Amino acid sequence: MKRILLFILTNVAVVAVLGIVASLLGVNRFLTANGLNLSALLGFALIMGFGGAIISLLISKPVAKWSAGVRLINDPQNADEAWIVETVRRLADKAQIGMPEVGIFEGEPNAFATGAFKNSSLVAVSTGLLQGMTKEEIEAVLGHEIAHVANGDMVTMTLIQGVMNTFVVFLSRVIGYAVDSFLRKGDSNSSGPGIGYYVSTIVLDIVLGFAAAIVVAWFSRHREFRADAGAAQLMGRKQPMMNALARLGGMQPGELPKAVEAMGITGSIGKLFATHPPIEERIAALQNAQG
């Protein structure tokens, strides 16, 4: 979940910043010089949309390291760390990808993989997961993350996010132009976009960006089933992954720190933004899979 949430939040921030920079550079004035030029706007939206998604992908690994406080295992300090590195190496060889960077971070049971390229990725696990699972279950979780990398999920999500960004940028400026035209009705002395346009587009870039995140999260939930199946294939059997999922389902997630408690998402709205399907559905999918 960390992998996709970080990508989505980074993407929203990048697109919003690019939108502000474009405004400061006078791009919006060009787009609205003689009414709203929809063809030019579409080209601008494509560049902004996919540009924002690609930038988010390229910085995903350093952002993940910083935000999660990942400590890379460059030189294993004990037998457990050596086992984690060797397990990741073995699974990566099976999946035919380059050896990822391996890291550990403090926190509740969790793990993630990220990175722009299959042969230059990062796999990280939390101390809570290492303390609460058997080695077989940990291996299954690592296999799940390796499967994400091997399946090219970050690139796939980037393409999906790029399409959604394009719609966000295009719609926000069309709506912003309509709002600005309404507010300045009868004002024949003004030229170029007004304050209504700039405020509307900045706000809509953020609001529609989160709406687009619902679609991205829906695709992410479907990719999780593939990663579960990939882990089972790498392990040679389904039971370890099923056991790991059952263990995760029975673990109590850590409480949110007070500083970010207001950003916690629960209930029906939370389900729309959920990047992972319910544990029960994932276990059932593995049970029903052939092999």
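The chain as shown is numbered from 1 upward.
Each Cβ is built from the backbone N, Cα and C atoms, and glycine gets one as well.
Since we're looking at a predicted model, the values are computed, not measured.
Among Glu81, Glu224, Glu280, the residue that Swiss-Prot places alongside His144, His148 at the Zn(2+) binding site is Glu224. Around the Cβ of Glu224 (Zn(2+) binding site), the same chain contributes Thr275, His276, Pro277, Arg282, each under 8 angstroms and 6 or more positions distant in sequence. Counting every protein chain shown, 25 other Cβ atoms lie within 10 Å of the Cβ of Glu145 (active site).
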